[in-house]
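Q: Questions regarding the structure given below will be posed in turn.
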């Protein structure tokens, strides 16, 4: 076997071995869950258009309140420690602010946070009141949304072809329909990596709002691209063979039901606030050139 090929195989084995605990949990045999893909109508899909500064002004108090959620508090503490280990002593210019980078780290770390967060995001939009009173991840949702927006603006490649493998859930989708994942959705630029995570459903996706987070991820070898809840896709192919689903998706822009909901509740009771709530937008224009990986934030 040629040496470069051997190194590539050993690298993939090393990558997969880093997730032994998570993969073991995900590989437990059980009944396959059947899910029909749609527009995820109960998703909380806020893009915070027109209220970024107002939302950031609320973060300190909001974050303190949400630390009562132990899953969030523990995930955030671990991610903060990892950020300090990687970039705490470096003073190079940054792409993301410290809190946005920590949010991405927290999402990619082992543990329950990403799973609990995603499940909550899928249903937090069942009503505005449910989001306001029962969704304990408002801070994380906002910071992740802003992180992806910032990275998307700074990359040179507007769209990416990625893969997503799912174990334990068999998704079905009608060809020609428009669907959303409705949560922050992990995918990989490497097909082999995606296959490792499952083959009960396998997605091939063109995303124009998902962005590579390799330089921010706890597991950079996964070549992860993180897709936001509000991106919508056309189903271009959907097949079912030997108990497995294959679904091909092409980006169709973005669509949101909600906009600036937390700020509206906090600041707009006396008089209506005017935000630019672009409910549906086309694909992005060419992004800004000169994307650079996260180096290190300045000290705050």
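Using the three backbone atoms N, Cα and C, a Cβ is placed for every residue, glycine included.
Feature table excerpt (Swiss-Prot):
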type     : residues           : note
ACT_SITE : 164                : active site
ACT_SITE : 186                : active site
ACT_SITE : 224                : active site
BINDING  : 107, 164, 183, 217 : NAD(+) binding site
DOMAIN   : 70-256             : domain 'TR mART core'
REGION   : 276-300            : region 'Disordered'
SIGNAL   : 1-22               : signal peptide
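Situate these features within the shown structure.
A: Reduced to three states, the DSSP call for residue 164 (active site) is strand. When Cβ atoms from all protein chains are considered, those within 10 Å of residue 164 (active site) total 23, not counting its own.
Mapped onto three states, the DSSP output places residue 186 (active site) in strand.
Non-local neighbourhood of residue 224 (active site): 108, 186, 187, 188, 212, 213, 214, 217, each in the same chain, at least six residues away, with C-beta under 8 Å from its C-beta.
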Q: Fewest other CB within 10 angstroms, which one of the binding-site residues 183, 217?
A: 217
Q: Report the same-chain neighbours of residue 107 (NAD(+) binding site): residues 6+ apart in sequence with Cβ closer than 8 Å to its Cβ, ordered by sequence.
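A: Sequence-distant Cβ neighbours: 113, 114, 117, 140, 144, 184, 226.
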